[in-house]
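Database features (Swiss-Prot):
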BINDING   8, 9, 10, 11, 12, 44, 171, 189  L-glutamate binding site
BINDING   100, 102, 114, 118  Zn(2+) binding site
BINDING   230  ATP binding site
MOTIF     11-21  motif ''HIGH' region'
MOTIF     227-231  motif ''KMSKS' region'
């Protein structure tokens, strides 16, 4: 069976894969393979200062060890900078973006919502971030797990950064351009990115790009409430007995794997997942405590 479905897993090489990463990878992989779709891997290496040496290689080796097979070559955002620059120039020329010289200290009292200080200031681009003007509109979409999501861009976000002051490109711009370039039809990722999606919908609309379907899976959190992640030194996935964490990941996604699946191979665990995948079983919640799995 084949389909037009194109999914992707897009890790950031600021550390190694951990259990939270695995849950997102399993969800995106099974959602694609269950319908005969393609599954791509993309390195989101936008921020060289934060990249851990050797992490890209380690991530790919872990995916292979855990039985994942991707289609085509691994793409890297660091090779796409000219495409991002071209779109930023286009947005600046059309007046849809502008230079912003605000410091973090100037903005610290605004709870992450940009107040528009530089919107009409006409600053030069030197030593400035680039922000995208947002409309006073509410954006809605229906997530396949989390249901309807609404966000008023003007009131809840404000004009947002698409290129940082240090010249590095922002995630919101890069992810939209790369998903369109790769023909991604379905985005399956962690629920921490749920509130980024309306910004991405706006960019897609602005640039005339097609809108993919979205599915946001619960984040795995530690007892203190922090999500599993590189910032909190979550342990990397074990090199051996990959079927054990794979089976736990299936349970985190609401699937019902037999206990003996953990005693087999990684390939067997993923094959079971593909054959029995049911996205409607994924818990409709933003987080899941790791100790409950």
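Each residue, glycine too, has its Cβ placed from N, Cα and C.
For the recorded site, residue 102 (Zn(2+) binding site), the DSSP three-state label reads coil.
Mapped onto three states, the DSSP output places residue 12 (L-glutamate binding site) in coil.
Checked against residue 100 (Zn(2+) binding site) by C-alpha proximity, the binding-site residues 9, 11, 44, 171, 189 yield 171 as the nearest. Residue 171 (L-glutamate binding site) falls within a helix when secondary structure is assigned with DSSP. Among the record's L-glutamate binders, 8, 9, 10, 11, 12, 44, 171, 189, no two C-alpha atoms are more than 16 Å apart, and one pair sits at exactly that spread. With residue 10 (L-glutamate binding site) as the anchor, the candidate binding-site residues are 102, 114, 118, and the one with the nearest CA is 114. Here residue 189 (L-glutamate binding site) is compared against the binding-site residues 102, 114, 118, and the shortest C-alpha distance is to 114. On a Cα basis, residue 9 (L-glutamate binding site) lies 36 Å away from residue 118 (Zn(2+) binding site). Taking the centroid of the Cβ atoms of 100, 102, 114, 118 as the Zn(2+) site, the other same-chain residues with Cβ within 8 Å of it are 101, 107, 115, 116, 117, 119, 129, 131, 159.
Counting every protein chain shown, the Cβ of residue 100 (Zn(2+) binding site) has 21 other Cβ atoms within 10 Å. Apart from 8, 9, 10, 11, 12, 44, 171, 189, the residues listed for L-glutamate, the same chain places the Cβ atoms of 42, 43, 175 within 8 Å of the centroid of those Cβ atoms.
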